[in-house]
Amino acid sequence: MMTAEVTAADAEVLLAQPRGFCAGVDRAIDIVERALELHGAPIYVRHEIVHNRYVVEDLRGKGAVFIDELDQAPAGAIVVFSAHGVSQAVRGEAEARGLRVFDATCPLVTKVHIEVARMRAAGREIVMIGHKGHPEVEGTLGQAQGGMYLVETVEDVAALQVSDPGNLAYVTQTTLSVDDAAAVAGALKARFPGIVEPKKSDICYATQNRQDAVKLLAPECDLVLVVGSTNSSNSNRLREVAERKGVAAYLIDGAHAIDPAWLQGRRSIGITAGASAPEVLVQQVVERVRELGAVSVRTMPGLEESVAFPLPKGLSRKIAQTESLE
């Protein structure tokens, strides 16, 4: 049992709104759970379905097997692609090995993949703004055979060498800092004035909304706790947004990770959660902060999200067929 040491005596807890799960994460988790219900364990999932330890362990307990590469799944197995998306090479490998695929790629990531295909078909080279090594970035870069460049910072733009400066377009990772992405996009436009931008921002609605919510939350607090795993891009960006507002901020996987010393003397403690972090973890954090002395909890004003994405058609058909037999 956790210590009941009091370090946040009489503090107020402020909850960001919105926070936590987005529509793409809800859909991805639902796909794995529905696949398990229809076909039973094991269901193989390429990479973590979403970047959250609690979610992954919960699904593992239900029979999901998380793999790094497709060759770890037996031929003919059922495989779910994670919400981050995959390259065309991975899709080809799955088909060649006779794997039965349920695609949990977030529809907003798929939108970027379609943009890449359209831009390359028009003969343009593409600059992607994103974090090297992130699964979403690897999947998006893998939509084209060459002709793509990756930049992360304004300095990367200054050093960028392209084959055809007059025939460029750019896309972005969906979970970037809105402000950082705007700065890098601005640098691209300044260096390559004719560069074609996406028709609509590639940064997803949930990333934008959660960052905006932290910008409202942080000035009201002297500490912000961000619930999310360390490998979650959007959760890390929330911590950075709070810090840029001059507030101490910590990224935590859950209540167990709270150091009581962080709360010493704090009068107002903000709590938010990345788009892959479930609300149950937020409530556990709230309860832990109450144990440490907080006396009230208030939700900040903010957007009420109503976005929902449908399940893949193939999975929806199977569910409908099963239900019709019951």
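Placement of Cβ uses the backbone N, Cα and C atoms for every residue, glycine included.
Computed from a predicted structure; not experimentally measured.
Features as listed in Swiss-Prot:
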type	residues	note
BINDING	C22, C106, C204	[4Fe-4S] cluster binding site
BINDING	H51, H84, H134, S232, S233, N234, S276	isopentenyl diphosphate binding site
BINDING	H51, H84, H134, S232, S233, N234, S276	dimethylallyl diphosphate binding site
BINDING	H51, H84, H134, T174, S232, S233, N234, S276	(2E)-4-hydroxy-3-methylbut-2-enyl diphosphate binding site
ACT_SITE	E136	active site, proton donor
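On the structure: features taken from Swiss-Prot.
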residue : record                               : contacts (Cβ under 8 Å, 6+ apart)
H51     : isopentenyl diphosphate binding site : G228, S229, N231, S232, S233, S235, S276
H84     : isopentenyl diphosphate binding site : H47, T105, C106, V109, H134, P135, E136, G139
C204    : [4Fe-4S] cluster binding site        : C22, G24, C106, L108, T174, T175
N234    : isopentenyl diphosphate binding site : T175, A206, T207, R210, G228, G274, A275, S276
Identify all same-chain residues not among C22, C106, C204 whose C-beta atom falls within 8 angstroms of the centroid of the [4Fe-4S] cluster site's C-beta atoms; report them in sequence order.
A23, G24, V25, A83, P107, L108, V109, T174, T175, Y205, A206, T207, A275
Fewest other C-beta atoms within 10 angstroms, as judged across T174, S233, S276, which are the binding-site residues
S233
Other same-chain residues whose Cβ falls within 8 Å of the Cβ centroid of H51, H84, H134, S232, S233, N234, S276, the recorded dimethylallyl diphosphate site, in sequence order:
V50, P135, E136, T175, N231, S235, G274, A275
Once the chains shown are all counted, how many other Cβ atoms turn up within 10 Å of the Cβ of C106 ([4Fe-4S] cluster binding site)?
26
Would you mind pulling the DSSP three-state label for S233 (isopentenyl diphosphate binding site)?
helix
The correct three-state DSSP answer for H51 (isopentenyl diphosphate binding site) is coil
